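Record features, source Swiss-Prot:
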type    : residues                       : note
BINDING : His127, Asp128, His131, Glu143 : Zn(2+) binding site
Amino acid sequence: MIIERARVPLSRWQQAAVAMGSALGALVDPRRADLIAALGETTGKPAFEMVLERMKKSEEGRAILLERPRVVSEQVGHAWDLPENTFGAAYAKFMGSRNFSPDDRPPVRFMETDELAYVATRAREVHDLWHTLFGLPTNLIGESSLKVIEFEQMYLPMCMLSVIGGTVRFNEKQRSMFLKHYLPWAVRAGRQCTDLMCVYYERHFSEDLEQVRRKWGIIPAPQHPK
């Protein structure tokens, strides 16, 4: 399997070294998705183990673990052909308007087992689906807000570190807007919605976007205050 072949076994000391190096590198250049991904993997094992156990207790979660769907062009390309009101079409519009490709995510390399590697891969690949569901942009405020939701859902240390790093890079207006409007919303939204790692999104692409939001308890992001 591709996920298994991509894995790099690390000792505890090596994990610590990769985590520290990734954290420092990500602070210097927050655009380095590979460093942020490595940080998430080397610090996130306990969190991914908890997510895995929750998925095993959920009907859709078990189906995901059994079938191992991937959010890649080959498997989700049909979303571009769905009616405008659907969740799948909204995802396609989100991706297309930004010239994003589902295939751009870096591979998981530092998880100990194939099963955990898949869970980490799934968490990484549904990121843009969550952007779509919550109506969040990909600017600094949008990404920081989604990291808060991801932390509430998965308790990944990397998510909280990313939020802290994001607030440091905010200008005064952005920081005020985030702390006053987006942070409280993101905490509430992340806690109120269903367990999003146990949702088999691909099975719901053809459903109405607003209906799936209601079904999963999604609170869309606040609009930018005037």
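For all residues, glycine too, the Cβ spot is worked out from N, Cα and C.
Among the binding-site residues His127, His131, the residue whose Cβ has the fewest other Cβ atoms within 10 Å is His127. The binding-site residues considered are Asp128, Glu143; of these, Glu143 has the fewest other C-beta atoms within 10 angstroms of its C-beta.
Within 8 Å of the centroid defined by the CB atoms of His127, Asp128, His131, Glu143, the record's Zn(2+) site, lie the Cβ atoms of Leu129, Trp130, Leu136, Thr138, Gly142, Leu146, excluding the listed residues themselves. Secondary structure at His131 (Zn(2+) binding site), as computed by DSSP, is helix.
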